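Q: One structure, as structure tokens, below. Some questions next.
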Amino acid sequence: MKLVFLGPPGSGKGTIAKILSNELNYYHISTGDLFRTNIENDTPLGKEIKQIVENGQLVPDSITIKVVEDKINTIDNRDNFILDGFPRNINQAIELDRLLENIKIINFLIDEKLLVKRLSGRRICQSCCKIFNIYTLPTKEKEICDFCQGILYQRKDDTKESLKIRLQEYNLQTKPLINFYSNSNRLNNIDASKNINEVQKNLMEIISKIEKN
């Protein structure tokens, strides 16, 4: 099944995508991870992406579409994967429909105040890039990774100032996707304000229903 996870930053779609990719053996394609890989490798594209992200802006469609399309073309099983962070707007959605058929959409619903709390509490390991949250997914030892004992840090775009810009961009560009997919009966809403285990359970129920139809 080809799944697209929609939702604002901080809705938990990335965390759930990683969990389900392990349980269902789906390939997890995260635009955020793809961008970070380019940044870490200091590619020309990575340098451009880094500047855009640090300014709290969304990466342009031309770059995003190319990165995602290239990645999809490299995976072995193109029938079972999760797209996390793509598409972000109508133009990207149209391009995705051109590339793939029978896409199912999961829309993560969550209150904006809770989003800010989640994102401002997010911490990432400098060594292994595992993601934690001081509010919802704390480490056993403060600011130390549970997996590799690396040092945790807060991304520049997770500060409250950058978050305001990111949420404004989301409301402007990504929210219209809800109507786009709802009109074609592909939208499946899920309450993302609950804890990870509950969200995962509810999502598995939705996936089961989709498979039966």
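Backbone N, Cα and C define each Cβ position, glycine as well.
Just lifted these from Swiss-Prot, have a look:
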type	residues	note
BINDING	GLY10, SER11, GLY12, LYS13, GLY14, THR15, ARG122, ILE131, PHE132, LYS194	ATP binding site
BINDING	THR31, ARG36, GLN57, LEU58, VAL59, GLY85, PHE86, PRO87, ARG88, GLN92, ARG155, ARG166	AMP binding site
BINDING	CYS125, CYS128, CYS145, CYS148	Zn(2+) binding site
REGION	30-59	region 'NMP'
REGION	121-158	region 'LID'
Q: Through the lens of DSSP with three states only, how would you label PHE132 (ATP binding site)?
A: strand
Q: Which binding-site residues are spatial neighbours of CYS125 (Zn(2+) binding site) here, meaning Cα within 10 Å, out of GLY12, GLY14, PHE86, PHE132?
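A: Near CYS125 (Zn(2+) binding site) by Cα: PHE132.
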Q: Only counting partners 6 or more residues apart, tell me which same-chain residues put their Cβ under 8 Å from the Cβ of CYS128 (Zn(2+) binding site).
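A: Non-local contacts for CYS128 (Zn(2+) binding site): CYS145, PHE147, CYS148, GLY150.
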Q: Taking only the residues the record lists as binding AMP, namely THR31, ARG36, GLN57, LEU58, VAL59, GLY85, PHE86, PRO87, ARG88, GLN92, ARG155, ARG166, what is the largest Cα to Cα distance between any two of them, in Å to the nearest whole number?
A: 26
Q: Measure from the CA atom of ARG122 (ATP binding site) to the CA atom of ARG155 (AMP binding site) and give the result in Å, rounded to a whole number.
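A: The separation of the Cα atoms works out to 8 Å.
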Q: Give me the long-range Cβ neighbours of GLY12 (ATP binding site): same chain, 6+ apart, Cβ under 8 Å, in sequence order.
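A: Looking at Cβ-Cβ distances below 8 Å from GLY12 (ATP binding site), excluding near sequence neighbours, one finds PHE108, ILE110, ARG118, ALA192, ILE196, VAL199.
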Q: About how far apart, in whole Å, are the alpha carbons (Cα) of PHE132 (ATP binding site) and PHE86 (AMP binding site)?
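A: Approximately 22 Å lies between the Cα of PHE132 (ATP binding site) and that of PHE86 (AMP binding site).
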Q: To the nearest whole angstrom, what is the C-alpha distance linking ARG122 (ATP binding site) and THR31 (AMP binding site)?
A: 18
Q: Could you state the CA-to-CA distance between GLN57 (AMP binding site) and GLY10 (ATP binding site) to the nearest Å?
A: 16
Q: List the helix, strand and coil residue totals of the region 'LID' (121-158) as derived from DSSP.
A: 3 helix, 13 strand, 22 coil
Q: Just going by other Cβ atoms within 10 Å, which of the binding-site residues PHE86, PHE132 has the emptiest spot?
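A: If we count Cβ atoms within 10 Å for the binding-site residues PHE86, PHE132, the smallest count is at PHE132.
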Q: Report the nearest neighbour of GLY14 (ATP binding site) in space among the binding-site residues VAL59, PHE86, ARG88, comparing Cα positions.
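A: With Cα distances computed to GLY14 (ATP binding site), the winner among VAL59, PHE86, ARG88 is PHE86.
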Q: Which residue counts does DSSP yield for the region 'NMP' (30-59) in the helix, strand and coil classes, in that order?
A: 21 helix, 1 strand, 8 coil
